[in-house]
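Asker: Dumping the structure here so I can ask a few things about it.
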Amino acid sequence: VHLTAEEKAAVTALWGKVNVDEVGGEALGRLLVVYPWTQRFFDSFGDLSSPDAVMGNPKVKAHGKKVLNSFSEGLKNLDNLKGTFAKLSELHCDKLHVDPENFKLLGNVLVCVLAHHFGKEFTPQVQAAYQKVVAGVATALAHKYH
């Protein structure tokens with residue numbers, strides 16, 4: 001991902017304030033609610049029968065935290081996202097058979113959740129930088145797909 005020095009600084013500064021536990025669970029939960037077909041990849045998560053069930057599900061929250069911890073690693077390696085996410089790409093492609101379009105959807109949901117949490121601090125410039133990052137991460141995660 002090509003970011004200017006200002007964009008990198010904006011992304012890093014905001015990310016330092018993110019509560020990964022809270023935002024991760026909320027982002028994954030919103031993905032599962034807004035795009036219910038994505039739930040098929042989470043059969044082992046138990047009750048996903050309603051928005052309240054999804055948002056209160058401890059397995060959704062735990063996996064959301066795991067997802068954002070991986071995203072944090074990506075932010076530390078913006079110049080090598082493909083390398084950073086190579087193993088996760090392989091796992092999601094070969095073993096889990098996740099539709100790579102879902103990575104884009106989750107990235108966009110994450111941007112919305114960040115905007116909701118940070119309000120005016122999430123300026124158009126910060127949003128534009130995050131859109132670049134989530135697009136880069138989605139591309140890296142889709143890299144192993146043929």
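Note that Cβ sites are derived from N, Cα and C of the backbone, with glycine treated the same way.
Not my notes, these are from Swiss-Prot:
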MOD_RES   VAL1  N-acetylvaline
DOMAIN    2-146  domain 'Globin'
MOD_RES   THR12  phosphothreonine
MOD_RES   SER44  phosphoserine
MOD_RES   LYS59  N6-acetyllysine
BINDING   HIS63, HIS92  heme b binding site
MOD_RES   LYS82  N6-acetyllysine
MOD_RES   CYS93  S-nitrosocysteine
MOD_RES   LYS144  N6-acetyllysine
Asker: Round to a whole number and give the Cα-to-Cα distance in Å for the pair HIS63 (heme b binding site) and LYS82 (N6-acetyllysine).
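Answerer: Their Cα atoms are separated by 21 Å.
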Asker: Calculate the distance in Å between the alpha carbons (Cα) of VAL1 (N-acetylvaline) and LYS82 (N6-acetyllysine), and round it to a whole number.
Answerer: 10
Asker: Measuring Cα to Cα, how many angstrom lie between LYS59 (N6-acetyllysine) and SER44 (phosphoserine)?
Answerer: 9
Asker: Cα-Cα, whole number of Å: LYS82 (N6-acetyllysine) versus THR12 (phosphothreonine)?
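Answerer: That separation, Cα to Cα, works out to 19 Å.
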Asker: Give the number of CB atoms, excluding that of the residue listed as 'phosphothreonine' itself, located within 10 Å of its CB.
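Answerer: I get 14 for this one.
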Asker: Mind checking how the domain 'Globin' (2-146) divides into helix, strand and coil residues in DSSP?
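Answerer: The composition, in the requested order, is 117 helix, 0 strand, 28 coil.
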Asker: Cα distance, the residue listed as 'S-nitrosocysteine' to the residue listed as 'phosphothreonine', nearest Å?
Answerer: 29
Asker: From the Cα of the residue listed as 'phosphoserine' across to the Cα of the residue listed as 'S-nitrosocysteine', what is the distance in angstrom?
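Answerer: Answer for this pair: 18 Å between alpha carbons.
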